[in-house]
Amino acid sequence: MENVTIIEHPLVQHKISMLRDKRTGTNEFRTLIEEIATLMGYEALRDLPLEEVEVETPIETCMTPVIAGKKLAVVPILRAGLGMVNGILALVPTAKVGHIGLYRDEKTHQPHEYFCKLPDPIEQRTIVVTDPMLATGGSAVAAIDFIKQHGGKHIKFMCVIAAPEGLERLRKAHPDVQIYVGHLDRQLNEKAYICPGLGDAGDRIFGTK
Ligand code: PRP
Ligand code: URA
């Protein structure tokens, strides 16, 4: 699967195991999600374009690389994707942040959009869409459809846990999008929850039920 990268780093795997534990409380859960986003972001951003600029060191003037152009936009899918934003901003503090509000209908599992605000000029930015959970893939596909309709071109998708069903759907719908996954789980259950998963990511991040 050439547009999919599974982040097999032991630090990421260890932290995902801690997330799965139902005894992990809201505070620790939030911290872990952020830390995982930073570790995954380091890998996902390794192809950010660079340009040479002139810098004067204490010794001499040299040409040296910095991140080029209009740089980065992080676009969390609300709510749970918000939990990953600060983890990426820790790496690129100047990144702009857009928001896409989607919720999944409990019965039909179809995504419904309720909010969208993207930073300009979106077409010139590398866009990292974040959501901890890729389950049926409906939310991720809808969010990326939407970003493309608004002109977004260079899109990456980052999730902590994916189900095979959702990963396949996203790959087929958006073969140009590079997908970064912390762990590929076994399957979805009859309520379209990921097994073994970690439960409802939004509820665990925000302490709701
Ligand atoms: C969860 C999760 C994803 C979506 C994944 O959000 O954060 O956005 O479900 O499911 P899918 O791949 O089947 O679309 P939810 O709709 O529960 O909203 P929330 O983040 O506000 O809790
Ligand atoms: N959304 C979640 O938060 N968890 C799942 O397992 C599936 C969708």
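Glycine is no exception: its Cβ is also placed from the backbone N, Cα and C atoms.
Sequence annotations record features per position, and here TrEMBL assigns domain 'Phosphoribosyltransferase' to 7-208. Feature annotation from TrEMBL assigns 5-phospho-alpha-D-ribose 1-diphosphate binding site to Arg79, Arg104, Asp131, Pro132, Met133, Leu134, Ala135, Thr136, Gly137, Gly138, Ser139, Asp200. If you look up TrEMBL, you'll see Ile194, Gly199, Asp200, Ala201 marked as uracil binding site.
Considering only the binding-site residues Ile194, Gly199, Asp200, Ala201, the residue whose Cα is spatially closest to the Cα of Ala135 (5-phospho-alpha-D-ribose 1-diphosphate binding site) is Ile194. Across the fold, the C-alpha of Ala201 (uracil binding site) and the C-alpha of Arg79 (5-phospho-alpha-D-ribose 1-diphosphate binding site) stand 9 Å from each other. Reduced to three states, the DSSP call for Asp200 (uracil binding site) is coil. Distance from the CA of Met133 (5-phospho-alpha-D-ribose 1-diphosphate binding site) to the CA of Asp200 (uracil binding site) is 9 Å. Less than 6 Å separates the Cβ from ligand 2 in the case of Ile194, drawn from the binding-site residues Asp131, Gly137, Ile194 in sequence order. Separating the Cα atoms of Asp131 (5-phospho-alpha-D-ribose 1-diphosphate binding site) and Ile194 (uracil binding site) is a whole-number distance of 14 Å. Between the farthest pair of Cα atoms in the 5-phospho-alpha-D-ribose 1-diphosphate binding residues (Arg79, Arg104, Asp131, Pro132, Met133, Leu134, Ala135, Thr136, Gly137, Gly138, Ser139, Asp200), the distance is 17 Å.
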